[in-house]
Amino acid sequence: MEGSDFLLAGVLFLFAAVAAVPLASRLGIGAVLGYLLAGIAIGPWGLGFISDVDEILHFSELGVVFLMFIIGLELNPSKLWQLRRSIFGVGAAQVLLSAALLAGLLMLTDFAWQAAVVGGIGLAMSSTAMALQLMREKGMNRSESGQLGFSVLLFQDLAVIPALALVPLLAGSADEHFDWMKIGIKVLAFVGMLIGGRYLLRPVFRFIAASGVREVFTAATLLLVLGSALFMDALGLSMALGTFIAGVLLAESEYRHELETAIDPFKGLLLGLFFISVGMSLNLGVLYTHLLWVVISVVVLVAVKILVLYLLARLYGVRSSERMQFAGVLSQGGEFAFVLFSTASSQRLFQGDQMALLLVTVTLSMMTTPLLMKLVDKWLSRQFNGPEEEDEKPWVNDDKPQVIVVGFGRFGQVIGRLLMANKMRITVLERDISAVNLMRKYGYKVYYGDATQVDLLRSAGAEAAESIVITCNEPEDTMKLVEICQQHFPHLHILARARGRVEAHELLQAGVTQFSRETFSSALELGRKTLVTLGMHPHQAQRAQLHFRRLDMRMLRELIPMHADTVQISRAREARRELEEIFQREMQQERRQLDGWDEFE
C-alpha cells in the first residue's frame, strides 16, 4: 500500500468510525456492530473505497494486542494462579467439545476429515476483542460469568500454538522428525523473556519515569507492547499472549495506572480498526451464491457454542441468571479463524470455496453477538424487572420513588441501607443479575439493566423522583449518566460517587456539586484517630480534620480549570503551608477550649 493510499485509508477509517458509531448508538445496536457495518460499507463488497483488506486486517490485530496488555495489567500472578482451574478446566473443555461437535457436523458435508478438524478448531475459538468489549459494556468484568469468560478466552489464546502446529501434520507435510534444537531455542527464549521481564521492567521504567517527560514514558510503553508482540510472533506464538504476559509482569508495579493511561487511546482506535477490517473482509459474493448454507452454518455455529458454554457454566456452578450472558458473549467465531484457515489453505487442506464459506460464517457470527446480547438483556429484564410476587412487600408501594440509586455495590449498599432504614422510597438500578435477584427476594424495588438507557430511568420513576445517587464503578458511566439526567430529567438533584480527584474535577465541571470521594472521608476519620493516638486532644484533632476538609475542597474548586501537573503541585505546596499557618494561629485558642470538651474515644 502506497503512502498516499495508506493516508487515504486512515481518513476513510476515521470517517467511518465517526459516522457509524454515533448512528449505531442512536439506533441502540452498539458500537461493535456499528464498526462492522461501517467496514462492509467501505470495503470491496460495499462502496469499494478500500480493496487491500488482508494487510489492514493484519495491522488492525494490534488492537487486540493492546487490549490484552491492559487486561494483563489488571491481573497479578497470584490472581492468575487462582484462575487455573477455570482456565485449564472450563477453557479446555469448551475448545475440545466445541471443536469435536463442529468438526463432526462439517464431516457430514463435503469437508474431508482433515479440513473438518481444522474447521472445527477454528470455529470453536471466540473473538477476544469482541467478547471483552461486550463484557465491559455489560458490566461483566467483576462478575463470576465475566471471570469465567476471560479464563476461556485465555485458554483459547494458549491453544493457538498447538492448533497451528497441527495443520502441517494433517496436511501430511510435516517433517519426519522434529527439530528439537529449534524448539529448545524457542523455549529458552520464552523463559528468558519471563525472567528478564520479571527483574528488568521495573528498573527500566523507574529510570524512564525519572526523566519527567510524559512523551518518553508513552513511547517506552508502546515499545514494550509492540516489542513483546513481535518477539512472540518470531517464536511462532500468539502476539496477544506475549503482551498479556508483559502486562501481568507489570500488574503489581507502581506504574500500572500510568501504563494503562498511556495505552488506552491506542487500544480504542485500533480495536475500532479491527472491527471495521472484519466487516470489510465479509465476502458478499459467497454469501449471495451460498445464502442458505451460510445462514444455516451461522445458526448452527452459534447454537452449538451456546449449548456447550451453557452446560459448562452449569457444571462449574455459575448462577442460572448469569449463564446466558456467559454463553452469549462467547458464541461467535473469532479472529484466530482468519489465521488458522489461511495457514490451512496454504497447505491445501481446503477445496473450492470451503475457506471462503468458513470465513463468511465467522464474520456473520461476530455480527450476531451484539444483537444476541441485546436479546439476552431483554429476557433478563423481563425476568428480573417484572412485578413483585404477592407475598413480597416492596419498599416502594407506588411508582413514585423519592430517590433512585444507581449501583448497589459496596459503596451503594451503605447509602441504600441508610435510606431504607429511614423509610425513604427508593428504587435501585443494578447490572449485576445475582444482586438484583437477591434484593428483590428481600422486597426491594430493583431494576436490572444499564442505567444510561433513558427508557430504563423512566421505568424506574426518574420523572417523579427528587434525587438520583450515582455510584457507578466506571467514571465514564458516571459522567454519561450525569449528562443524561441533566438533559432529560433536569429536576433531579444529582449526587455522585467520585473515585478520586480527577473524577471530582470532572463532576464539578459538569455542574455536580454534591459528590463524595470514596476514600476521602474514611481516610480523614482514620487520620483524626491517628492524631488522637499521638497525643492530640480529640477537640483539636476534630478541628484539624474540619480545616483540612474545607481547605481541600477549596483547592479542588480552584484547580478545576488547571490540569497541568506543575500547577497542581505548586498549589498543593501553598495549601500545605496555609494549613500549617492556620493550625499555628489556633493553637492557643484550642488550648483554652480543651476544658469544655468531653473525650468520646
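Glycine is no exception: its Cβ is also placed from the backbone N, Cα and C atoms.
Annotation source Swiss-Prot lists domain 'RCK N-terminal' at 400-519.
The transmembrane segment annotation in Swiss-Prot covers 4-24 (among others) and is backed by sequence analysis. Residues of the same chain lying 6 or more positions beyond the ends of the transmembrane segment (4-24) and with a Cβ under 8 Å from any Cβ of it are 30-31, 33-35, 37-39, 41-42, 49-50, 52, 56, 272-273, 276.
Sequence-distant neighbours of the transmembrane segment (29-49) (same chain, 6+ residues past either end, Cβ-Cβ under 8 Å): 12-13, 16-17, 19-21, 23, 130, 133-134, 137, 272, 275-285, 363, 366-367, 369-371, 373-374. The transmembrane segment annotation in Swiss-Prot covers 29-49 (among others).
Under the heading transmembrane segment, Swiss-Prot lists 55-75 (among others), citing sequence analysis as support.
Summarising the annotation, Swiss-Prot assigns transmembrane segment to 87-107 (among others). Within the chain, the transmembrane segment (87-107) has long-range Cβ neighbours (under 8 A, six or more residues past its boundaries) at 113, 115-117, 119-121, 123-125, 148, 151-156, 158-159, 300-301, 304-305, 308-309, 312-313, 316, 330.
According to Swiss-Prot, the transmembrane segment annotation covers 115-135 (among others).
Nonlocal intrachain contacts for the transmembrane segment (152-172), taken as residues 6+ away from its ends with a CB within less than 8 angstroms of a stretch CB, comprise 68, 83, 86-88, 90-92, 94-95, 114, 117-118, 121-122, 124-126, 128, 131-132, 236-238, 240-241, 244, 309, 330, 334, 336, 339-340, 343-344, 347-349. According to Swiss-Prot, the transmembrane segment annotation covers 152-172 (among others), on the basis of sequence analysis.
Summarising the annotation, Swiss-Prot assigns transmembrane segment to 177-197 (among others).
Taken from Swiss-Prot, the feature transmembrane segment covers 207-227 (among others).
Annotated transmembrane segment per Swiss-Prot: 230-250 (among others), in sequence order, evidence recorded as sequence analysis. Within the chain carrying the transmembrane segment (230-250), a Cβ under 8 angstroms from the stretch's Cβ atoms is held by residues 61, 64-77, 80, 128, 154, 157-158, 160-161, 164, 186, 189-190, 193-194, 197-198, 201-202, 205, 224, 256, 259, all 6 or more beyond its ends.
Under the heading transmembrane segment, Swiss-Prot lists 268-288 (among others). For the transmembrane segment (268-288), same-chain residues at least 6 beyond its ends with a Cβ under 8 Å from one of its own Cβ atoms are 13, 16-17, 21, 31-32, 35-46, 50, 53-54, 56-57, 59-67, 129-130, 133, 294, 335, 338, 353, 356-357, 359-360, 363-364, 366-367.
Long-range neighbours of the transmembrane segment (291-311) within the same chain, counting only residues 6 or more positions beyond its ends whose Cβ lies under 8 Å from a Cβ of the stretch, are 94, 97-98, 101-102, 105, 123-124, 126, 152, 323-324, 326-328, 330-333, 357, 360-361, 364-365, 368, 372. Residues annotated as transmembrane segment in Swiss-Prot: 291-311 (among others).
The transmembrane segment annotation in Swiss-Prot covers 324-344 (among others).
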Same-chain residues at least 6 beyond the ends of the transmembrane segment (207-227) whose Cβ lies under 8 Å from its Cβ atoms: 62, 65-66, 69, 201, 243, 246, 255, 258-259, 262-263, 266
